[in-house]
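Over in Swiss-Prot, the protein carries these features:
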| type | residues | note |
| --- | --- | --- |
| BINDING | 76, 79 | Na(+) binding site |
| TRANSMEM | 1-21 | transmembrane segment |
| TRANSMEM | 33-53 | transmembrane segment |
| TRANSMEM | 72-92 | transmembrane segment |
| TRANSMEM | 97-117 | transmembrane segment |
């Protein structure tokens, strides 16, 4: 199987898991909850699972196919925040604390800014 197939299969699984986790969170917190509990929970769980997977792959040498399907695919489809968390942790582990802080803060600020820019562009188009 190709790398693309591993990622695609895993991504489909992760997206379905995210959909159902979001529905469960809405059912628990209610549709009018002020705090986005579903996304919060998905990001935290996805980051936890990414840590478990990264640690397991490092110990077992689980292989590229598992990394692609589970890490890039399933967890990438479940939440891209897990990859962000892993990359930040790797920068910290390498001793580049300042770069890790810059990456974390910059990613959040740039991401939210990009979202507002996209909304602004679409308001101008509409």
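Every residue gets a Cβ built from N, Cα and C, even glycine.
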Local backbone state of residue 76 (Na(+) binding site), from DSSP in three classes: helix
Contact set, same chain, for the transmembrane segment (97-117): CB under 8 Å, 6 or more residues outside the stretch: 84, 87-89, 91
Binding-site residues compared (76, 79) - the one with the fewest other Cβ atoms within 10 Å: 76
